[in-house]
Amino acid sequence: MAAAQEADGARSAVVAAGGGSSGQVTSNGSIGRDPPAETQPQNPPAQPAPNAWQVIKGVLFRIFIIWAISSWFRRGPAPQDQAGPGGAPRVASRNLFPKDTLMNLHVYISEHEHFTDFNATSALFWEQHDLVYGDWTSGENSDGCYEHFAELDIPQSVQQNGSIYIHVYFTKSGFHPDPRQKALYRRLATVHMSRMINKYKRRRFQKTKNLLTGETEADPEMIKRAEDYGPVEVISHWHPNITINIVDDHTPWVKGSVPPPLDQYVKFDAVSGDYYPIIYFNDYWNLQKDYYPINESLASLPLRVSFCPLSLWRWQLYAAQSTKSPWNFLGDELYEQSDEEQDSVKVALLETNPYLLALTIIVSIVHSVFEFLAFKNDIQFWNSRQSLEGLSVRSVFFGVFQSFVVLLYILDNETNFVVQVSVFIGVLIDLWKITKVMDVRLDREHRVAGIFPRLSFKDKSTYIESSTKVYDDMAFRYLSWILFPLLGCYAVYSLLYLEHKGWYSWVLSMLYGFLLTFGFITMTPQLFINYKLKSVAHLPWRMLTYKALNTFIDDLFAFVIKMPVMYRIGCLRDDVVFFIYLYQRWIYRVDPTRVNEFGMSGEDPTAAAPVAEVPTAAGALTPTPAPTTTTATREEASTSLPTKPTQGASSASEPQEAPPKPAEDKKKD
């Protein structure tokens, strides 16, 4: 069964690595200029799409952030007796725009981050008067929303990778946002927010070619740009939609006590201490795939600006979504989500039935629990294992090989840091298992280069002295007759029809693709050993059960969420192998009362032993304990026949009751 757990773990790591191997995209998120996000290369190698579990993990992470933000609100505002500047107590503030305040909306578009040219008619994009703060019934659709669409004439600087900003002003009715108009401008009657509306993405170019012909299918223009700008080019991208939300909130916030990340949106007036209405630029539902690059060929850009009121609760959700991951302290390039991962979560939320989505989230939590239990039982099984009878040692070594190939592949493709760490931990666990299946020691007599001690590996006696080693060697010999021809065919196909960065990348890509396609075959040697031993009692059934349940959950996700056909086939073939294990468990049932070929049974060692009555000199019968047999756990019981009990010798002088007849031998399976 070691082969099953190793191959199953490698399959999960391989799919996870494939989902994040190319250049990725990260969102702007915060107000103002953000770090450039990364876009996918124009000629990426063929990679599997992110699996269902990656999509669900993204949803669960967002739910956790939402819960954390909500917990701050349940704590309530800070007490008013907190000391402020000069020792005076801090008091709760109020919204400078009371509910039902009449206000005007002014939207300006400019290439300058700080806007001052209010007299330029070309900069004014939209002006909407007589809006009511907190009105949810006006507008064309009676939802309080308004929108405006227009084509923007973009200047040459924006065409040449420059920035463009949106400046939004809300003023109370009768006032103007221009500070130079003294009669119409009031500081406490004007709220302003701006943001860069284009997004910078890194476009990575990987110089790949056919290693035999030297030809490439990459766009010649892209090759020229890569020669001019290098392998990574930062390009401005555009999305035609953005929503301006004003939060309908009158919470008595206390300055200095607003929990993050909400504190970056609540702006207090320095003189009055009250806070301005909260303006939020909402682009959460803008899918990454809908962004397109801005270049010299575009003379204008379409822009649709929507205005909608936003409740406090929904604003908390969006603010939580825009919160950067806690892993970002490692750097934006180390932890990032791909375009597919970001869009798949949003599409799932938009298109999936709410009941089905709720069921999927619940099952995802169960999947996480099973994943943890499988990991825990796997470690416990190998840590407490004393005998290797019935276990495939070669499968453990093949699992180490699989893990190393996956690790080298994701390092070569510059996958994000979190995936690299998780795969590296998996490699360490696989290496630790080697110490449990072999005797590993440092040979200080035969040193490497005369300096470093040499590692010595030796098979354990419980493996050598049993028939398991013979069956293990036989299984892998038969397996090699299938794997090596398949590996050769796949290597030729990869060399003839796919492009690679170099020979090293070709070797890793070829091995990675081969393991992804045919790795499930390595689960079969354990089936062969079980067949030869006519027993499955040596297998870690708890760990196997958790992994089987997780595989069935993966099947559910694969058919509920849009997934590649090859991934669905991969889940199905793993199910077939697990069903074979279940069939073997059914036909090779374990009888806990039998003693196996190792002299062990599955009886409870604490159970009382049967007693025989022996007559004393006075003729009375006294109980005498019968000899006990060595016991073992139920999982280590075998299907061998029990040994016959020996009869005690009769005394010549005193009569002894005849011993009970031995039970009939049970029928072999």
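Residue 1 is the first one shown; counting continues down the chain.
Glycine residues also receive a Cβ, built from the backbone N, Cα and C atoms like all the rest.
Note that the coordinates shown come from a computational prediction; the quantities given were computed from them, not determined experimentally.
According to Swiss-Prot, the topological domain 'Extracellular' annotation covers 2-354 (among others), on the basis of sequence analysis.
Residues or ranges marked as N-acetylalanine in Swiss-Prot: Ala2.
Annotation source Swiss-Prot lists N-linked glycosylation site at Asn28 (among others).
Around Asn119 (N-linked glycosylation site), a 10 Å sphere centred on its CB holds 9 further CB atoms from the protein chains shown. Following the DSSP three-state reduction, the secondary structure of Asn119 (N-linked glycosylation site) is coil. Look at Swiss-Prot and you will find Asn119 (among others) tagged as N-linked glycosylation site, backed by sequence analysis.
Look at Swiss-Prot and you will find Asn161 (among others) tagged as N-linked glycosylation site, backed by sequence analysis. Sequence-distant contacts (6 or more apart, same chain, Cβ under 8 Å) of Asn161 (N-linked glycosylation site) comprise Val234, Ile235, Ser236, Ile294.
Residues or ranges marked as N-linked glycosylation site in Swiss-Prot: Asn241 (among others). The DSSP secondary structure for Asn241 (N-linked glycosylation site) is strand.
Positions annotated as N-linked glycosylation site by Swiss-Prot: Asn295 (among others). Around Asn295 (N-linked glycosylation site), a 10 Å sphere centred on its CB holds 11 further CB atoms from the protein chains shown.
The transmembrane segment annotation in Swiss-Prot covers 355-375 (among others) and rests on sequence analysis.
Marked as topological domain 'Cytoplasmic' by Swiss-Prot: 376-390 (among others). Per-residue confidence over the topological domain 'Cytoplasmic' (376-390) averages out at a pLDDT of 78.
Taken from Swiss-Prot, the feature transmembrane segment applies to 391-411 (among others), supported by sequence analysis.
The topological domain 'Extracellular' feature in Swiss-Prot is assigned to 412-416 (among others); the stated evidence is sequence analysis.
The N-linked glycosylation site annotation in Swiss-Prot covers Asn413 (among others). A simple way to gauge crowding: the CB of Asn413 (N-linked glycosylation site) has 22 other CB atoms within 10 angstroms, across all the protein chains here.
Per Swiss-Prot, the feature transmembrane segment maps to 417-437 (among others); the stated evidence is sequence analysis.
Residues or ranges marked as topological domain 'Cytoplasmic' in Swiss-Prot: 438-477 (among others). According to DSSP, the topological domain 'Cytoplasmic' (438-477) comprises 14 helix, 19 strand, 7 coil.
Proximity of distant same-chain residues to the transmembrane segment (478-498), defined by a Cβ-Cβ separation under 8 Å and at least 6 residues beyond the stretch ends, is recorded for 45-46, 210-212, 506, 509-510, 513-514, 517-518, 521-522, 524-525, 528. Taken from Swiss-Prot, the feature transmembrane segment applies to 478-498 (among others), supported by sequence analysis.
Under DSSP, residues within the topological domain 'Extracellular' (499-502) fall into helix, strand and coil as 0 helix, 1 strand, 3 coil. Residues annotated as topological domain 'Extracellular' in Swiss-Prot: 499-502 (among others).
Sequence-distant neighbours of the topological domain 'Extracellular' (499-502) (same chain, 6+ residues past either end, Cβ-Cβ under 8 Å): 43, 45, 206-211, 216-217, 509.
In the three-state DSSP classification, Asn295 (N-linked glycosylation site) falls within coil. For Asn241 (N-linked glycosylation site), other Cβ atoms within 10 Å of its Cβ number 16.
The helix, strand and coil residue counts that DSSP assigns across the topological domain 'Extracellular' (412-416) are 1 helix, 0 strand, 4 coil.
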